[in-house]
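Okay, structure first, notes after.
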Amino acid sequence: MRFDVITLFPEMFSALTESGVSRRAYQDQLYQFKTWNPRTYTTDRHKTVDDRPYGGGPGMLMMYPPLKKTVDAITDEVGEKPYVVYLSPQGRPLTQQKLSELQSHSNVTLVCGRYEGIDERFIETVVDEEICVGDFIVSGGELPAMMLMDGMIRLIPGALGHNQSAEQDSFSDGLLDCPHYTRPVEVDGMGVPEVLQEGHHAKIEQWRHEQKLLRTKQKRPDLYTAYLAKHTETQDK
């Protein structure tokens, strides 16, 4: 798995290779990672990457030429055109299922927009998919890109150190995760459910599934409804 990130602020991505699961996976060479600054592919002495939008309006837009040249450079280095993802408020929602789908691409290039966005011609001709991390606006695509990368890295075999860790995460089966407890067994008058202490694995799994259903129904009724519809459809077949 290789990630190439087009960004005006490459220093922001050092967090991925310096801490947590993504750092360990990087050190274990489970994925490759490189940042590309489109200013490198400008032709003027000011290294201009943005300009005013035609038709007027506030803000500036990232220009087509530097972005296209950056993708071309990535293509030359990788040896094939990567799957290009633009982090955009207009994109499809980033979900656990979407992360799994993206795993099918060995080379993923993430485009981090700034200002008021990027020239539509780049989106139409170069971008393969637009992805949104939520219905809110942030200053650029860097944080959304890091969220997407972290989510994908967790799915790489060996990244978490325990094969079932990713499988038990929230959303992996369409449900929220169940409650978890650790030592001490008693704290501030609160205990741990007896079923988790008895060591009966079948009962523990049943309890966890029931708790996942209950928690999803209470906290995310939209997911709960979708889960029921999916499993009812499967049973009908």
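Using N, Cα and C of the backbone, Cβ positions are placed for all residues, glycine too.
Record features (Swiss-Prot):
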- Gly113, Val133, Gly134, Asp135, Phe136, Ile137, Val138: S-adenosyl-L-methionine binding site (BINDING)
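Structural mapping of features recorded in Swiss-Prot.
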{"residue": "Gly113", "record": "S-adenosyl-L-methionine binding site", "DSSP (3 states)": "coil"}
{"residue": "Val133", "record": "S-adenosyl-L-methionine binding site", "DSSP (3 states)": "coil"}
{"residue": "Val138", "record": "S-adenosyl-L-methionine binding site", "DSSP (3 states)": "coil"}
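Cβ neighbour density within 10 Å is lowest for Ile137 among the binding-site residues Val133, Ile137, Val138.
Local packing around the binding-site residues Gly113, Gly134 was summarised as the count of other Cβ atoms within 10 Å of each Cβ; on this measure the leading residue is Gly113. Other C-beta atoms found within 10 angstroms of the C-beta of Phe136 (S-adenosyl-L-methionine binding site) number 7, with every protein chain shown included.
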